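Features reported for this protein in Swiss-Prot:
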type: BINDING; residues: ALA29, MET30, SER31, GLY32, GLY33, VAL34, ASP35, SER36, MET55, GLY133; note: ATP binding site
type: ACT_SITE; residues: CYS109; note: active site, nucleophile
type: SITE; residues: HIS134; note: site 'Interaction with tRNA'
type: ACT_SITE; residues: CYS201; note: active site, cysteine persulfide intermediate
type: SITE; residues: GLN343; note: site 'Interaction with tRNA'
Amino acid sequence: MVETKSIAPEFKKYLKFDSNNSNIRVGVAMSGGVDSSTVAYLLKQQGYDIFGVTMKTFKDEDSDAKKVCDDLGIEHYILDVRDEFKEKVVDYFVNEYMNGRTPNPCMVCNRYIKFGKMLDFILSKDASFMATGHYTKLKNGLLSVGDDSNKDQVYFLSQIEKNKLSKIIFPVGDLEKTKLRELAEQLGVRVYSKKDSQEICFVDDGKLKQFLIENTKGKAEKPGNIVDKNGNILGKHKGFSFYTIGQRKGLGISSEEPLYVLAFDRKTNNIIVGQNEDLFRDELIATRLNLFSVSSLEGLDNLECFAKTRSRDILHKCLLKKDGDNFQVKFIDNKVRAITPGQGIVFYNNDGNVIAGGFIEK
């Protein structure tokens, strides 16, 4: 138990002990970072019977998670998911880049690994719930945006199967990250000042090109031409797997005006570039939709809602039109910049609840 006298009044509500919680077993997904570590402290203080679980994925697991569990006097398990992670996340990641698409590995990992294999493991340990440090809420059984707009992670969780949400809790969804760090420091969490993890956990910062070369046995290096919209050759590229829609830096071409990657032509192996205004589109095709607030794809047809095409995007008003198993998404009030095939697209209602999540096809 933590001495709560040293805790600021604004945080006291997170530390209320309830003896009834001792009968509720919760597995905490622990990365070794400040978010999940603070979740473990809060649930322990609230009286839950908790244990920590850390996944062994592509790299060695973070030892800080074990240290935090030792500080709390709770069990810590290491779940080896290397084979599944390689198949479901890493191979997918590489294949998407090789096909001229920009993958979203966090979405895929959350569906199959974290809220798939890890959730199953936690429930097998007689736990009633799995807790994570995501800045997200559950409202009426649906995913909903967290209070910190800069850290809201519901976008990355939009591929979780709906029937699993009843087994998941997000204890810090109504906290801002800066406030969580303050609380963590006051609680004495050893990692309260630890830096946030990098976006792609299995690729070292600045080493994406090297990673793709190594994991494709050099096939990612497939030189071709950089052309304008009229097909005029402006320069050379070393392989379109190393580029993404909207990219400006690193093209190695000179122009009076800045040029950006607009598209990839797999047949010719060309990268097509243009000006910034050429990046704006008023529609896209969404595929592989995961449903939350509707029970069938037909429930989305002719639906007016809001969409995000990247995690820190603003909400764009849109209209959905069913097209087989896919959907045409028509943006109503404004065009959207740098729509990127392979990235996620998430649909929200007026209350910030997730209606469905999918991927951008084109």
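Just so it is clear, glycine is given a Cβ too, placed from its N, Cα and C backbone atoms.
Comment: ATP site residues ALA29, MET30, SER31, GLY32, GLY33, VAL34, ASP35, SER36, MET55, GLY133; largest CA to CA distance 16 Å, whole number. For the recorded positions CYS109, HIS134, CYS201, GLN343, a Cα to Cα distance of within 10 angstroms from ASP35 (ATP binding site) holds for HIS134.
Of the listed recorded positions CYS109, CYS201, GLN343, the Cβ environment within 10 Å is emptiest of other Cβ atoms at CYS201. Listed recorded positions near MET55 (ATP binding site): none (candidates CYS109, HIS134, CYS201, GLN343; Cα-Cα distance within 10 Å). Separation of the C-alpha atoms of SER31 (ATP binding site) and the residue listed as 'active site, cysteine persulfide intermediate': 11 Å, rounded to the nearest whole number. SER31 (ATP binding site): 20 other CB atoms within 10 A of its CB, across all protein chains. Ranking the recorded positions ALA29, CYS109, CYS201 by the distance of their Cα atoms from the Cα of HIS134 (site 'Interaction with tRNA') places ALA29 first. The DSSP secondary structure for ALA29 (ATP binding site) is strand. Cα to Cα, GLY33 (ATP binding site) and CYS201 (active site, cysteine persulfide intermediate) are separated by 13 Å.
With GLN343 (site 'Interaction with tRNA') as the anchor, the candidate recorded positions are ALA29, CYS109, CYS201, and the one with the nearest CA is CYS109. Under DSSP, ASP35 (ATP binding site) is assigned to a helix (H, G or I) in the three-state scheme.
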